[in-house]
Amino acid sequence: MGRHRVIDREAVLDAAERVVSRDGAVRLTLDAVATEAGISKASVLYDYKTKQALTKAVIERRVAVEEARVQEQIANLGPVDNAQILGCLAAASRPVSDDERAVAISLCAALAHDAELRQPIQKIHRERIDEIRRTSTDPRGAMLAFLAVEGLMLLEWFGLHSWPAAEREQLTADIAWLVAQSPSGPSAG
């Protein structure tokens, strides 16, 4: 019978995020994560054979956490029209924490240099865009709202601008107005 695993993968990823937040993605190494988690490097290697695999796991977890927030908001809405985009807007009304921002900024360089690391983010955006187009009462207005809320979130995630909570709520409410609009002009084909 094999050895019982006692080191939680989530604890390893928590340690990896702390390293990224504190020291940057450049210093995300298997050794640094092992030290941060208080485990051996071999224990980190058990789940993550390379720095790239560890970085990808951190990105995949961040994507999953954000997707869970959107899905929770969609569930809270109940059966309504435009649930996908309205869930995105509701999730965006939450402020970004300093730790989340530090991780996002630090991972940007890794994302810029490695197409494989971008895949989880590209996949979730592709799925979300398809779902918004498929389920919205006015797909063009909903897509404008999606682009607007993504812009708002990126400004905050990358520390370029932060809005006070009340203003963020007003902005997301204003963006929600776009959902049911039918922009004039030629439609996308």
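Including glycine, each Cβ sits where the backbone N, Cα and C put it.
Annotation source TrEMBL lists domain 'HTH tetR-type' at 6-66.
Residues or ranges marked as DNA-binding region by TrEMBL: 29-48. Below 8 angstroms of C-beta separation, residues 5, 7, 9, 11-12, 14-16, 18-19, 23, 54, 57 of the same chain, each at least six residues beyond the ends of the DNA-binding region (29-48), sit close to that stretch.
Counted with DSSP, the DNA-binding region (29-48) comes out as 15 helix, 0 strand, 5 coil.
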